[in-house]
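J.: First, the structure itself, so that you have it in front of you.
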Ligand code: ADP
């Protein structure tokens, strides 16, 4: 193998740049040429290529976002689109590809590997941490710290005004970010898609807290909680707003709602994310050199490992319910 490509795809996450840096510098260390592919799979289909050297990735380990830019592409979901992408790889002489992204990007990577017998390795990067076969994905730790920072600030003003705050975090299908940030941030209640809840229990807990002198409450809500709370997204009302309304109506407590939104995806990556990205990015290149294809890298008990993407995509990453119950007990 002489030349490899690297791209970032799907939702961005802090630490993607550190992963790109690790891929580029490991490849150069092993005397490979590296091509950066801009705009994810869309850029791959269009041949949006950028030759990279050591200095192309200088001064980026601490930057959020991705210097290669990310994108979503419907065309790549079609066989025609993927044929186009494969042709561009052939034309450019790229013999292996590292895809840094989430589970959607991995689905695309798996198809490219299977349909064209092309060496592709996936590096898990998503703040959702919902990719199986890895304890952590790149960006999760930074996003948790962002949420905690937000909670700390909200708590200050919540206390001053004796208010209840409903804080919506990202997580359409997975509650890992919400749960772990809620535990670390001392949220009074944590509502996530994986765990059914009764809004009356949440309200009882809230009333109980105020009765024993609490000055504020923070209720952390993942954006993808149960459909009972689905309201009209067209008028920009999220489930968090619906919950806020119910709480205010049923308790009379002054309640405010905050949607943290995309700020959770930004920021300088934490030390843990930079280290994870460096280790996983380097391993991806080593796997390509070893002739592997259709694999993802992951970290399990602090060991970097490789798994078939197909196997990984058929697993479901389970939430640790003990942590959910612990967060509840510690916030009583
Ligand atoms: P993420 O990687 O963050 O989960 P997406 O789900 O948006 O983000 O996926 C990123 C891109 O991966 C999509 O825009 C599409 O080009 C590609 N992709 C997703 N699912 C598939 C699929 N089933 N087959 C082929 N390509 C896919």
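Glycine too: its Cβ is placed from the backbone N, Cα and C atoms.
Feature table excerpt (TrEMBL):
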| type | residues | note |
| --- | --- | --- |
| DOMAIN | 3-288 | domain 'Phosphofructokinase' |
| BINDING | 11, 72, 73, 102, 103, 104, 105 | ATP binding site |
| BINDING | 21, 22, 23, 24, 25, 155, 186, 187, 188, 212, 214, 215, 216 | ADP binding site |
| BINDING | 103 | Mg(2+) binding site |
| BINDING | 126, 127, 128, 163, 170, 171, 172, 223, 256, 262, 263, 264, 265 | substrate binding site |
| ACT_SITE | 128 | active site, proton acceptor |
J.: Within the chain of residue 256 (substrate binding site), which residues six or more apart in sequence place their C-beta under 8 angstroms from its C-beta?
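T.: Looking at Cβ-Cβ distances below 8 Å from residue 256 (substrate binding site), excluding near sequence neighbours, one finds 158, 163, 164, 165, 166, 244.
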J.: Please report the distance from the Cα of residue 103 (ATP binding site) to the Cα of residue 170 (substrate binding site), rounded to the nearest angstrom.
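T.: Their Cα atoms are separated by 16 Å.
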J.: DSSP three-state call for residue 11 (ATP binding site): helix, strand or coil?
T.: coil
J.: Ligand 1 is in the model; which of the binding-site residues 23, 102, 104, 186, 216 have a C-beta less than 6 angstroms from one of its atoms?
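T.: Among 23, 102, 104, 186, 216, near ligand 1: 102, 104.
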J.: Mind telling me which of the binding-site residues 103, 128, 188 has the densest Cβ neighbourhood, counting other Cβ atoms within 10 Å?
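T.: Answer returned by the neighbour count: 128.
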J.: Quick one: what's DSSP say for residue 103 (ATP binding site), helix, strand or coil?
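T.: Helix, per DSSP.
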J.: Across all protein chains in the structure, which of the binding-site residues 170, 263 has the highest Cβ count within 10 Å?
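T.: Counting Cβ neighbours within 10 Å, the top one is 170.
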J.: Give the helix, strand or coil assignment DSSP yields for residue 256 (substrate binding site).
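T.: The three-state answer is strand.
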J.: Test of understanding: give the count of other CB atoms lying within 10 angstroms of the CB of residue 126 (substrate binding site).
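T.: 29, counting other Cβ atoms within 10 Å of residue 126 (substrate binding site).
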J.: If you count other C-beta atoms within 10 angstroms, which of the binding-site residues 21, 25, 265 is the most crowded?
T.: 21
J.: Taking only the Cα atoms, work out how far residue 21 (ADP binding site) lies from residue 104 (ATP binding site), in Å, as a whole number.
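T.: Roughly 22 Å, rounded to the nearest whole number.
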J.: Please name which of the binding-site residues listed here, 105, 170, 172, is nearest in space to residue 188 (ADP binding site), Cα against Cα.
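T.: Comparing Cα positions, the closest of these binding-site residues turns out to be 170.
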J.: How many Å lie between the Cα of residue 126 (substrate binding site) and the Cα of residue 23 (ADP binding site)?
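T.: One finds 17 Å between the Cα atoms of these residues.
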J.: Can you give me the residues near the recorded ATP site, meaning same chain, not 11, 72, 73, 102, 103, 104, 105 themselves, Cβ no more than 8 Å from the center of the site's Cβ atoms?
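T.: Not counting the recorded site residues, we get 9, 10, 40, 101, 107, 108.
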